[in-house]
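> One structure, pasted below without further comment.
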Amino acid sequence: MTRRLGRSWKRSRACPQTLRSLSADDSTEGSLDGKSGAHGTSILAGHKRETKKCPSFLPRGFYSWSSPDGKTERVTPFAVVLLLVLLAVYVLNQADRLVLPVVIPNGLRCDEGKEDCGSYNASGVGGNGSSAHSNGTSSSRNCIQFDDDQQGLLTGPAFTVIYVLAGLPLARLADTRSRPLVLVLGLTFWSVMVLVTGFTTKFWELLVLRILLGVGEASCNPVAYSLLADFFPSQHRAFALSVYHYGVYLGGGLGWMMGAVSHPLNWRWTFHILGIAGLVMVPLAVLSMWEPASVKASREARRRGKTSYSIREVLVYLLKNPPFLLLLVAASVRNIPGYALGAWLPTFFKRNYGASDYGIPVGLAIIFGGGLGSFLGGFVSDRLSSRWRGSKPFVIAGSQLVAAPCIIAVLLAPTARESYGLLFLAYLTAETWLGPAAAIVQDVCMPAMRAQASAVYIGVITIIASSGPVIVSAPSSN
């Protein structure tokens, strides 16, 4: 192997967290073609790399293999651990967000034409008006009354607008302060909001908690993108982000399956369980995510003398960045039908096919179809990028052309069973874009503004995509 590489490798005692091994491509950040960064200069120009001895309690497997020039192309075990922890957090993030549309037709929303759908008893399981009164529990209804327009508001703008507004300031905190701390606080806050959602009895309470959920969840992606971009070099970044985005499908599938058991468990317990799971995840995240002093020093050195970039500076930089703008438009258009399907697909199966057992088959289609598609997109992008750095946009475009007829077929299938099968193919082909797209955002931006750039990207495509559920609800109401 050493002969093939044409250079001698030696065992380094440098900590993997020094970012020597994590930023081998930083001198080429800021452009898709691998040229120098902003203003035509290397981002790391003039900065000397510093190393730090690994703590003795770390196993030797955490040490990085480095070349004499101080760079390495190998992903460290610490980076893998960090990726897995971020994946677990993102699974909860998506499950907490996506479970609401699933439980709406499964007991949360009162059936049209019924005056009472049962009372919320102390146990939170089942219950009707008479049994609630006989047990001396609350006479408030177990379901909540609202129409299709209000459902579109709940599953669309109520979450996404505040998600976008909170994203930029939280991303700036991540760029200038401790990234793990920002994420841990966000995880704690949104888990509490999910837990409390299980106690709501009125529409406005559900609406307020949905808005607050957006505040907490806005901390997740900018922090994760920034961390993964630092800990994975460019040639491995698309696959790493694809693994992270598997949380969309694993969390979404979990949300569907949790919604499927909302009849025997009651929809309130669905929120209670997810909220408790998030709070249990907090101490694990605290123990697993940390930035050593050497990481912070490397981040400071890579800012080329600046302590931080303001939101205005980031926006000006991005507005003059054609690859970023083109990706922003494409991702926004792509996300509109994605959000519409996610919000209305449970109701579609209920009304169109009369199905009540759709949770598990749809959840499996999301987990395996979407997950496999995400891994495939990242793998293909990284393999092609090793030979052609501009390949990621073509992987995205090609996959969406193949996915479009599959998505249409899902809605036109004559039976629910056929629709489930086509949904697997739709997720397999359509969801290859997330990892490569997130990698492009990191590739075209300077390291010191990655979290804020990610927040802009996520915020814009999210707020535009939030129109999807509302667009569907308008003709449905009429």
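Keep in mind that glycine also has a Cβ here, set from the backbone N, Cα and C atoms.
Where the annotation comes from TrEMBL, it is an automatic prediction and has not been curated.
Residues or ranges marked as region 'Disordered' by TrEMBL: 20-44. Look at TrEMBL and you will find 75-92, 154-174, 181-201, 207-227, 239-259, 271-293, 314-333, 358-381, 393-413, 419-441, 453-472 tagged as transmembrane segment. What TrEMBL records for 82-478 is domain 'Major facilitator superfamily (MFS) profile'.
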> Rank 75-92, 154-174, 181-201, 207-227, 393-413 by Cβ pairs under 8 Å to the transmembrane segment (419-441) and hand me the top one.
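Going through each listed stretch, the top one turns out to be 393-413.
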> Of the listed stretches 75-92, 154-174, 239-259, 393-413, which one has the most C-beta pairs under 8 A with the transmembrane segment (358-381)?
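By the under-8 Å Cβ criterion, the transmembrane segment (358-381) pairs most with 239-259.
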> Would you mind giving the whole-number mean pLDDT across the domain 'Major facilitator superfamily (MFS) profile' (82-478)?
81
